[in-house]
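Annotated ATP binding site per TrEMBL: ASP17, ILE18, GLY19, ASN20, SER21, ARG22, VAL23, LYS24, THR128, in sequence order. The substrate binding site annotation in TrEMBL covers TYR96, GLY103, LEU104, ASP105, ARG106, THR180. Annotation source TrEMBL lists active site, proton acceptor at ASP105. Positions annotated as K(+) binding site by TrEMBL: ASP125.
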Amino acid sequence: MEVKSVSGPTNEYLCLDIGNSRVKFAMVTANEILCTGNLDDDNHLQKLLEQCKGVYIAAVGQPERLTRIMKTIKASHRPCQELHTSAQAFGLHCAYSNPAKLGLDRWLVMLGARRHSSKAFAVLDFGTAITCDFVDHNGQHHGGWICPGIQMMRQSLMQKTAQVTVNQQQWYPGNIGKDTEECVDSGCLALAKGLFDRAEQCLKNQFCDYEIFVCGGDSHRVVPDVTQRICHMPELIFYGMMNFIGEKPRFQAELL
């Protein structure tokens, strides 16, 4: 993506999602996402910093890359805030007795969903791991699930079984495989898709009205065949981060 340099005032902020396998960015205002993409390198980051007013960071992996990113941001003199899970924020209340143990990515996608819904909801995030969290209409988090992501399932089968192979070049999109590679892919996807049924049943058992949000880098592999009424928002984490724009104190005074 080509990024223009700006010298005057701007209301745009840079949000960085530093995950286990990649770094994603979004240029946002307080009300909308302007553009998103994968962060390529330090030069790419510098160009993004030239057009933003400040930076918000959500980091759950790659500590060495986080350190490099922080140094680049500090050199740009852009204010920056690294986000953390808390006991409550923006009407959402964490179910964990120790909120610090709840992954920040889970917390932020719940905040993003809460921004879009006043109903009870579940959020399914299909990333390196698959997570599902349940929140009632009052904003109380009820807990959730964590299980291996579909890529992790696939790699585990390849590494732990002697005669099972996978097609590294593409995913088999069908429901039932007719050779080993197809069976691996269709099996991993079937397990992932089964979470929708279980999540909806849990919601039906407790709430009269609810919504299901779906996000994450692998969500496009499971959404097309899902028949339930769902809201597919791949960039939900950035909507969660946007809640913090305008909060006081808005930024850390200095990066350490």
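Even glycines carry a Cβ here, placed using N, Cα and C.
Annotations in TrEMBL come from automatic prediction, not curation.
Structure with TrEMBL features highlighted.
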| residue | record | DSSP (3 states) |
| --- | --- | --- |
| ASP17 | ATP binding site | strand |
| VAL23 | ATP binding site | strand |
| TYR96 | substrate binding site | coil |
| LEU104 | substrate binding site | helix |
| ASP125 | K(+) binding site | strand |
| THR180 | substrate binding site | helix |
Excluding ASP17, ILE18, GLY19, ASN20, SER21, ARG22, VAL23, LYS24, THR128 themselves, the ATP site's Cβ centre has within 8 Å the residues VAL60, GLY61, GLN62, GLY127
If you count the other CB atoms within 10 A of the CB of SER21 (ATP binding site), including all protein chains displayed, you should get 11
Whole-Å Cα distance, GLY19 (ATP binding site) to THR180 (substrate binding site), is 31
Integer Å distance between the CA atoms belonging to ARG106 (substrate binding site) and SER21 (ATP binding site): 16
Cβ neighbour count (within 10 Å, all chains shown) around ARG106 (substrate binding site): 24
As a whole number of Å, the Cα atom of GLY103 (substrate binding site) is distant from the Cα atom of THR128 (ATP binding site) by 13
In whole Å, how far does the CA atom of TYR96 (substrate binding site) lie from that of ASP125 (K(+) binding site)? 19
Between THR128 (ATP binding site) and THR180 (substrate binding site), how many Å separate their Cα atoms? 23
If you measure C-alpha to C-alpha, which of ASP17, VAL23, ASP125 (binding-site residues) come within 10 angstroms of ARG106 (substrate binding site)? ASP125
What is the nearest of the binding-site residues ASP17, VAL23, LEU104, ASP105, THR180 to the residue listed as 'K(+) binding site', using the Cα of each? ASP105
Compute the C-alpha separation of ASP105 (substrate binding site) from VAL23 (ATP binding site), stating it in Å without decimals. 13
I want to check the contact list for LEU104 (substrate binding site): same chain, sequence separation of six or more, C-beta distance under 8 angstroms. What comes out? ALA58, ALA59, VAL60, LEU83, HIS84, THR85
To the nearest whole angstrom, what is the C-alpha distance linking VAL23 (ATP binding site) and THR180 (substrate binding site)? 33
